[in-house]
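Taken from Swiss-Prot, the feature active site applies to 65, 138, supported by sequence analysis. The heme binding site annotation in Swiss-Prot covers 348.
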């Protein structure tokens, strides 16, 4: 018998109830007891199996991005960028690749309202002919900290108080007062974009710089941008409260219902590219994840379109067990030296092994759709049928060989081991430029959010003064307006 033919699937459902082992179950209502009143007998195997399965049917939720929704579709190349990359899925206009996307909030639990102020996750898994490419981003182009040593503390500060389980402004502002580079992300976090109307009406960003490599081996740094064809829409604070009180899953419902109705969400993919020789020509470090690249100097280049035209079949299998990893790249795309990206390559795979298990890549939603082969073996819940006699390489009895080498960036590294910050921090300029780009009513909403947060009674005078200093260094009038509404004298 083919051991993989009857792999558990609803396609092989019987017309009657069975145990996990396939034995028939004739009573699904009454436990087996001594007489009509009990006690219950341990030999009621199906009862024990049913309860034990129920006790274990949930897996640990994601430590971040726990609340989310997924959908399937395709990515289609619309513009030729083969001069920039040898990635097969970007080979020519018209090339299509199946994808699955997951949108999420970042901080709160799996059942939390989707209307809360938060950064949103925007992750895309491309099932290419050369393996999976995971572009794991957010709806804002920057992040709070540039070094992963601060990442666990960043998330803890944003999450609820471990004593009361209440998210509190004083904790957030206390921690980030030590990270002035976070101000640029706060210019998004306290802005309208972190109250998106739904998932369909928000942008997406790869956040980090990656590298594109062409067939000649020439590399360019690249940033990825998703632009929704239906436009960007946000809610006011009042709308968010009303929507959250009406339906805590409003964004999931909107995504699901839109696809079911044939109103398929679509995003255009754009890239910015930079020659590595130009990295030192800017007044900031282009590989600093707290910075954006100026579009007037590095314009957006159109690449393709993302269309979500299929709802997932099972929420647990294709959303909860769906696993992304920035380490999953394909030939023609490579990592940059971005410190946060470098550590995410490890952390994402590690958290999936903890959350789902060591063989999480064997799950259908995570497995590549192309042929693949290695000697990673066994482990808990291994589902792969393997009949090889050789489980090592190299071997004269196994024809498997290393793949042909593909171009990767040529990079000569040399330097002293050190723990230090980057030379060009420039923490406030871009936050100020963003603030000044807004209309006055949008500026006022941003200031109001700062005043509300800094008015937390546990925010000390010292913390308020630090933040007013940061805001003033970004934009003097912004700092003055916040200070005047708090009756605190600005230090700059």
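Just so you know, glycine gets a Cβ as well, placed from its N, Cα and C.
Keep in mind that what you see is a predicted model, and the values were worked out from it rather than measured.
The Cβ of 65 has fewer other Cβ atoms within 10 Å than any other of the active-site residues 65, 138.
The Cβ of residue 348 (heme binding site) has 136, 323, 324, 325, 326, 327 as same-chain neighbours under 8 Å, each 6 or more residues away in sequence. Across the fold, the C-alpha of residue 65 (active site) and the C-alpha of residue 138 (active site) stand 10 Å from each other. DSSP assigns residue 65 (active site) to coil in the three-state reduction, outside any helix or strand. According to DSSP, residue 138 (active site) sits within a strand segment.
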